[in-house]
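The structure appears below as structure tokens.
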Amino acid sequence: MQGVWVALLAFLTCGYFALAGFDYGVGALLRVVGRDERSRRAVLRAVTPFFLGNEVWLVAAVGVLFGAFPRLEGELLSSQHTVFAVLLAGLVCFTVAVQLRSSGWDFLLVGGALVVAVGWGVLLGRVLGGPVWLWGAGMAVVFWLHGAVFLAWRLSGELRARATRIAGVLVLPGAGFAVAAVVTAGSVPRPAFGVTAVLALASLGGVRVALRAGRHRVAFGCSAVLCALPVVGVFGARSVVTASVMADVSSLRVLTWAAVVVVPLVLVFQWATWRMSRAAR
Amino acid sequence: MDALGLARLQFATTTSFHFLFVLLTLGLVTSVAVMQTRATLSADPVHARMARFWGRLYVVNYALGIATGIVMEFQFGLNWSGLSTFAGDVFGAPLALETLVAFFLESTFLGLWIFGWDRMPKWAHLALIWLVALTAFASAFWIMVANAFLQHPAGHELRDGVLRLVDFSALLTNPTFGAAFLHVCFASLTVGGVFLTGVSAYHFIRRTAEVDFFRRSLRLGVVLTALATPPLVGFGFGQFPIVERYQPEKFGTVGAADGAGLGFMIQIGFALLLVSWVTVPLLARDLVVRMRFPLYLMVLGIPLPFVAAIGGWLFREVGRQPWLVQGVLTTRDAMSHVGADQVLVSFVAFTSVFAVLAVADWVLIARLARRGPVDSDEAPVSPLVPAL
């Protein structure tokens, strides 16, 4: 029973990083890929159908964290109070700026996306005991890459070419981050962490090869895996999740029924949204 | 102010902002579902145009409200880690159910609904908006279950220094849950009804050319308000004996803020009940529109149910102090070990961001509402709703 909930929490968190990751990447790249107002609109239009569906993975993950891991939730959030406060303020700015976009206020959109990306990096660095600046910069690169790959897939013509170039440039810094993260890892057991880094390098290679071959969906899959890998690293390398922080079996039993019904439903309907957007393109 | 006072103030501010968005969301989604049902059944295109126009206002409000909801959710762990440590097993269960069963599904359905305009079979699309409405009310259901536990803890036992869940059904049969939940549901329907009425009245004041469109919207608003206010008032007063029995000290310790809140709520509730029923006969042959002066009152009335709701909420929450979980956990003990300066930074950051957010929401909704129904091929005001 408890294993199921650790897996579900990991799944929802991975889903959030892999999906919302490209929102933040696209946000940060808005004015790099979109050189004029017309192309900026095209960039945003590519993300907006998925925006709602992406952000709610975070809400679901935190809900599960509260319900199934109440003592971890309180400990984690209150010990990282300021980082979370800054991250959330950035998240609110980003969400609102995407909604109410007017070109004079793009600094809120780009800045908000950057704050969120760096904020998650800082948090991961603190949890894993690595250097905070490395993780902050590294996660920003990873999300940028994911956003660029997404745009390369969803846009066409000159914009696609530009996004592809940006993604290509970011592969090498991404690889550097993966290696540096393992080398500088603190008390984390190296072997488990090393496997994650090898997978990260493989995904980065996959992005590069797939983009060259014009297989955009494969490239997107690889960069999505890349975004989720740090989360896998946390769950695999650090025993942050133990029975003592979890809710009692009596609580978990109630929640399990809900999860069994809802998670497949969400997956089916989000898949339907992706399918429909493909048909509409 | 010390850390505890700041954290309480922050919670009150965040929740009040969040509550404003939630009320309008619930009220509007129900109205849009009704409009879309009529659009699906009838050949008259006015219903589909109504669903589109009001649906756009709804989506803007929902999408901006999510931002307040995310902060709301994090706030428990940030400032009140004592609550999750001590009572998380019981209090966390309905909260997790809310995010999973209700919110996660709701947003997913809504994403597909927005994107599915003109792309889906109309019956499937209609089913989606009803699913959105259903999951939206399910959200309110679980949040009120969680809140009722704070008012009158039930279904738990103290084991190894923390509360453990022993009887889930006791959470649902909690006496402080049922009437309060229905009261909130009818409050949100009232908000929706008053909003439809007010915006439609504004267009009649400006002598709109869309007479049929806004006549139907105004009627729906007035009828919705008239139907929702009697049970609203009933379930409001129905809670007094329950509060008297389980939280008698609430009436004894009424202070300036919550006492005024309670008074405003009751007066506004009665006023809306009376006015809406007086207006119903005036709908015949559009008398209310031709008389004109009621139209101005309708526009002025838009903020009233929001004020009432905040007042009622203040009374319910402030009256419980010093307890966070009545009789079990004090607010002071639930506070995280964070310094006053940390709380102050996040308080200032969130409050200012939310103030901007609320103003932006109202400005955008007012702009969209003022523009009235336009043909869908015009440039979208909000990029999130390009399909609407």
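The first residue you see is number 1, and the count goes up from there.
Glycine residues also receive a Cβ, built from the backbone N, Cα and C atoms like all the rest.
Over in TrEMBL, the protein carries these features:
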- A:6-30: transmembrane segment (TRANSMEM)
- A:42-69: transmembrane segment (TRANSMEM)
- A:81-100: transmembrane segment (TRANSMEM)
- A:107-127: transmembrane segment (TRANSMEM)
- A:133-153: transmembrane segment (TRANSMEM)
- A:165-186: transmembrane segment (TRANSMEM)
- A:192-211: transmembrane segment (TRANSMEM)
- A:218-235: transmembrane segment (TRANSMEM)
- A:255-274: transmembrane segment (TRANSMEM)
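A:6-30 is the stretch from A:6-30, A:81-100, A:165-186 with the greatest number of Cβ pairs below 8 Å to the transmembrane segment (A:42-69). Sequence-distant residue pairs (6 or more apart) of the transmembrane segment (A:133-153) and the transmembrane segment (A:6-30) include at least 3 whose Cβ atoms are under 8 Å, placing the two stretches in contact. When each of A:6-30, A:81-100, A:107-127, A:165-186 is checked for Cβ pairs under 8 Å to the transmembrane segment (A:218-235), A:6-30 comes out on top. By the count of Cβ pairs under 8 Å, the stretch nearest in packing to the transmembrane segment (A:81-100) among A:6-30, A:107-127, A:165-186, A:192-211 is A:107-127.
Below 8 angstroms of C-beta separation, residues 17, 23-28, 30-31, 76, 80, 83-84, 86-87, 89-98, 101, 133-140, 143-144, 230, 234, 238, 240 of the same chain, each at least six residues beyond the ends of the transmembrane segment (A:107-127), sit close to that stretch. Beyond the transmembrane segment (A:165-186), the same-chain residues lying 6 or more positions past its ends with a Cβ under 8 Å from any Cβ of the stretch are 29, 32-33, 128-131, 134-135, 137-138, 141-142, 144-145, 148-149, 152, 193-194, 197, 200-201, 204, 207-208, 211, 219, 223, 226, 237.
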